[in-house]
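Comments concern the structure below.
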Amino acid sequence: MGLTLTKETAQQLLQHSQEILDSFRSADMAVDAHANQYFDGVLPRDDPVRVTIVEIFAGCIRYEKALDTVITAFYNVEGRVVKRSEQNLYRVFAYLIVFRMEELGIPNLKKLIATLERKRIYRHLYTWMLDEWAKLYDRVYVENEIISPLEEFLPQLEEILERLRVQIEEGLKSKKELIKPTEPQPFTLTEPKPRSVPMPEELPTLAPSRPVPSSTYERPQESADLAERRRKNREVAEQRLAEATRQRPRCADPGKSEKCERKIREIRAEQERALAFDAPKSNPMPKERQGAGQAAVKLNAAAIMREWARYREAEKREAERLGALEAGAFDKSAFEAWQQAQKEADLQSQLAELERRRLEGQLSYEEAVIARRRLAESNRAVVEKEREAAAERQEELAAMRAAEEEQLKQRMAEIMAGHAKARQAVRDAQKAKALSRAEQQQETEELLKQAYEEAAAELRRKMELIAEIRAIEATQAPREKRLDLTEIAGFGFLSEMSIAELRERLSLAKQRQTQEMEEKRDQILEEKQAKDEKLLHTMELIGRHRAERSRAAAARQEEKKKRAENSRPGQPKIRARDPRLSDLAQQVQARKQERQEMQQQERQGSNLALKTTKAMSREKKAREAARWAQLESAQERVARLRTSGIVSADPNAPDERFPRQSSRMTCT
């Protein structure tokens, strides 16, 4: 780093370094590509500041684990007062101080520190992470490559830290000087003699323990070799699969036809019907209630009284109306007759309008059917031409498929040979793994045996202790005291009595309470009986009112139905009243006859189309039969290879991938 920093350059360096680290995503883009994308239009390519920032960005990504250790420890200590959004800023400082201190120099470091808040950078520089780095790298490498260069700059760094601490403390001091408190002076007393240091106890010498075998925490080299070989084999298989996928024939399209989709829907519907046994079941209605109509609603007392109040109010209003009529008031029957006549006239006009709309809709329907027939005839001619061209293309496609079949068979033979080699490698790896498993199992059995012996000794000690406790509990003498129910306790209370007297008084109190409850129950029953009689009388009156209202409503409904039947004429009468409706009906009849004639002509021409369709169907079945014959011959060749031992007999082995794929493609 040969760049001499100024205040503006240092601020720009830290800002761009933090922003480029914040926007970097290792899964989306490489380091160089991300740096070029970030600096496009910001800084020129040959700018020394841009070169320095790119070097810092690449170093932070390279030593990400070591820097994460420093940042994690720093936030664990000072995380409550430091923002998480400034994490990459402290990462840049850690990288410059640890790995680029010789190139950076103390003057440039001071300029970088001067651009930020003193308190934040003082907390960050005070972190030390030797033990955590030793977990990621070799301890010798950490001491020689990281710690030793920092020790050379340690006095200067301590000077910078001391200066920052002083500046922070001076900034925190208040402007007003505080009064110096009184400092008490200690008494001049004779100092006691220091206590003698006790002699340390001798530590017992323990027998050296057996070291833990390395196989407990480290995997054998064979497993690493096997993983590397498995990775290489997978890469080769993926390359071959990609090559085969790129060169596969067009008939290998995995999409399903409409017929296949329909079959799938039918199968799913059958499965749903088969699962109907788990549907919820309800009990059927009793026979005596079937056909009995809707059951009457049982009303409570409040509902009965509300309904009777409503009927009583209706009776009062009817009596007032009759009294007014007797006194000479007018009736609204004449107005209702005029209103009914107006409604009938409006109804006749509405019926005529509805009939006109119906005839217009029927006429448009007949014209649309005729136009659709004519369009179908023109489309049928175009389809015939396209069908002939499709037959020619089908023949060309069959020739291309035959050539692709030959290429596919050659590739299948090569893949079978590769699979045989892979199976042999898997067998060798399984043997090596079985040997390592046996050794590990033997070590585990020894550890389990030792743990079992220790547990048995602990169990024997606990059983002896339980036996001693039970023996002590068994020697305790029983304590008994006889109880006299007629004896008084003798505490000197005014209401003191024996248990027998207390029981007698309680029984007498219960008898009095029972007698009072029976008297109260008889009173409640009498009141309830009187209330029920009153409700029954009210229900009888309500039933009479309901029956009378039902008869009146039925009479009004019957009269309304008769008026509607008399006032609604049929379609011929409506057409006879309006000549425009008659003309529309004639046009509809003419279009209907024209449509029937066209349908008759289509039935005569459909016989020829049916013969053509049957011929094409027979040709298609012949092509499918030839295709199935080719597939059966391919399966016979695979069976012969299995019997000769060249191909594995496992039906789930990947050697049959291409034959099954070919059959699936043909069915689709």
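Just so it is clear, glycine is given a Cβ too, placed from its N, Cα and C backbone atoms.
Automatic, uncurated: that is what TrEMBL annotation is.
Quick caveat, the model's predicted, so the values are computed rather than measured.
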Practice item. Give the range, chosen from 15-49, 435-469, 470-504, that TrEMBL lists as coiled coil. Key: 435-469
Review point. Who are the chain neighbours of the compositional bias 'Basic and acidic residues' (616-626) in space, where the CB to CB distance is under 8 Å and they lie at least 6 residues beyond its ends?
Key: 387, 394, 398
Point to revise | Contact set, same chain, for the coiled coil (435-469): CB under 8 Å, 6 or more residues outside the stretch | key: 213, 215-216, 220, 222-223
Practice item. Helix, strand, coil: count each for the residues of the compositional bias 'Basic and acidic residues' (510-566), based on DSSP. Key: 57 helix, 0 strand, 0 coil
